[in-house]
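Following: one structure in structure tokens, then a few remarks.
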Amino acid sequence: MAGAVEEIVRRAGGCAVIDGGFATQLEALGADINDPLWSAACLITKPHLIKEVHMQYLEAGADVIISSSYQATIPGFLARGMLLEEAEGLLRTSVELALEARDEFWKSTLRKSKPVYNRALVAASIGSYGAYLADGSEYSGLYGEDITTEKLKDFHRRRLQVLASAGPDLIAFEAIPNKMEAQALVELLEEENIQVPSWICFSSEDDKNLCSGESFAECLQFLNASDKVAIVGVNCTPPQFIEGIIRELKKQTKKAIAVYPNSGEVWDGRAKRWLPAECFGHKSFDALAKRWQEAGASFVGGCCRTTPSTIRAVSKVLKGRTAYSATQI
């Protein structure tokens with residue numbers, strides 16, 4: 001792992017905490033994200049809320065906060081009538097807001113007599129091509145026969161360049177649903193000689209395969225060969241599959257493993273509402289997080305429908321307040 005990545009895991013006691021659902025918390029603060037840009041729309045309309053969400057997750061104990069750029073794409077902004085320079089500026093803003101929140105929070109932490117946090121890392125989020133399409137293909141990996149590795153590289157290239165130049169500690173490729181896109185991203189990191197350590201997290205609907213049905217083992221063959229990818233894992237995935245996925249990944253790779261699943265609630269498209277989680281049995285999300293750590297995850301957090309309260313509970317169970325240390329990285 002890259003130095004800063006390895007160090008945050010060490011200072012967190014062996015398992016660093018990733019933040020939780022971003023759009024979920026923006027909605028809780030009153031944002032309207034019913035938009036093709038999803039939470040990235042707030043970069044245009046309410047950037048102060050984005051910074052507030054970052055602050056809430058830092059206060060909850062997150063060691064890694066993820067920028068609001070998951071669904072922020074240059075084509076998406078251009079479709080809103082923006083100029084190229086404006087679109088690229090918004091991408092940079094997504095990282096800058098996270099960096100500002102991290103630095104302000106850290107400064108306030110150091111002023112306390114008994115600081116109890118680590119200095120967090122900022123990960124610049126890059127969602128899948130399917131997230132840009134907003135047609136459900138981010139959950140199936142079915143992009144159509146005319147999509148090639150080269151087309152996917154062309155789609156991601158400028159966004160990656162801009163986000164990497166904005167000063168994040170990590171690049172987070174999130175909810176990647178198929179092997180072709182993962183291959184494109186690995187090749188792109190090499191072609192652009194990106195020096196920021198990256199993670200590639202897949203989306204899955206079971207404990208052995210991507211949403212596309214392709215196996216983790218197939219993807220890890222080329223991920224393992226890349227020194228640009230420091231961390232592999234899954235997000236936006238039902239929590240009941242996470243422990244099995246970690247065990248599968250541990251068989252296939254020596255890279256650090258990150259998992260940040262959904263809350264376990266299920267979206268009912270017909271009724272347009274979330275249904276309660278039924279997969280946990282008697283185990284809470286934080287109790288499961290402890291099992292994920294024990295199974296071998298180095299990074300644990302939450303995705304859709306998780307909140308700062310979720311992350312506070314995860315942070316407490318993984319580290320305990322006494323394990324926090326205000327240490328410069």
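Backbone N, Cα and C define each Cβ position, glycine as well.
Just so you know, TrEMBL annotations never went through curation; they're auto-generated.
Since this is a predicted model, take the numbers as computed values, not measurements.
Annotated domain 'Hcy-binding' per TrEMBL: 4-318, in sequence order.
Look at TrEMBL and you will find CYS236, CYS303, CYS304 tagged as Zn(2+) binding site. Around the Cβ of CYS304 (Zn(2+) binding site), the number of neighbouring Cβ atoms within 10 Å comes to 21.
The 10 Å shell around the Cβ of CYS236 (Zn(2+) binding site) contains 25 further Cβ atoms across the protein chains shown.
Cβ proximity to the Zn(2+) site centre (mean Cβ of CYS236, CYS303, CYS304, cutoff 8 Å) flags the following additional same-chain residues: GLY21, ALA175, ASN235, THR237, TYR260, PRO261, ASN262, GLY302, ARG305, THR306. Long-range Cβ neighbours of CYS303 (Zn(2+) binding site) (same chain, at least 6 residues apart, Cβ-Cβ under 8 Å): GLY20, GLY21, ASN235, CYS236, THR237, TYR260, PRO261, ASN262.
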